[in-house]
Ligand code: ASP
């Protein structure tokens, strides 16, 4: 019997650390994952998820989230939901619905309100100011507006061998109203099968969804491949394929864990993630693409962590 959780970005660390303790004490994977992601959604300085997240081009915060149960394959998802404190909780609730389990836009928001989920204004003064500054910068330097995004995606395994996966994201900064990324899309942003393992993604959704990368990693793990080998093969294979066919590949990173609590990560950019298992205490790592389609992984040192903290809290004027 084992347990564990892996999740994208440094922002997931607190939830991974506290919820793996809960998993150790018998908490279910579903509750642990939802609580871990809620922590990220609630923290205003994580600017790409939940409260304080990146607004769209009209300065409206439209959020995407999904939840998948690896025992039953039940999926719940929302896209473009507004004014809801915890989109992941709404996605989890929708996963219990036989019909209407993926809701978008006004319909998703209406469902959350009617079901009694905590609703509030989710655009912070800081996010609004960052939006204004970014707009000025784009106009002044004639930049592409689409720079800035990160999703919290997690996979959890509990003592009963249940696995779940979930995501939450404000998507692409300055996105068009109605734009949806990979995060709420099964197979692209996440996938999990308790008899194999799970995977989840972060990065440019428009490219991630071209390869159904989360599903691909789970499929390879299902052939007996170690999670690290599966992640390397899928991420570098698809990044190279996009380069070949389209001339470029967006940034993307995936994490995965199998039913034994073994994990893997692969990325085509510098990428931080958090993981904890029965065998390994919660830790923040950095991953980099390395030679011959492999991934270099190292523990994030104090200098990196301090710089990160300073960056996310940097005053805006
Ligand atoms: N995958 C997200 C999206 O495209 C953003 C990210 O994870 O960086 O919406």
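Placement of Cβ uses the backbone N, Cα and C atoms for every residue, glycine included.
Residues annotated as active site, nucleophile in TrEMBL: 151. Within 10 Å of the Cβ of residue 151 (active site, nucleophile) there are 31 other Cβ atoms, across all protein chains.
The feature substrate binding site is assigned by TrEMBL to 179, 180, 181, 182, 202, 203, 204, 205. DSSP assigns residue 202 (substrate binding site) to a strand segment in the three-state reduction. Over all protein chains present, the Cβ of residue 202 (substrate binding site) has 29 other Cβ atoms lying within 10 Å.
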Using C-alpha positions only, work out which of the binding-site residues 180, 181, 182, 203 is nearest to residue 151 (active site, nucleophile). 203
Residue 180 (substrate binding site), number of other Cβ atoms within 10 Å: 20
What's the number of neighbouring CB atoms sitting within 10 A of the CB on residue 203 (substrate binding site)? 27
Those binding-site residues in 179, 180, 205 whose CB falls under 6 A of ligand 1, listed in sequence order: 205
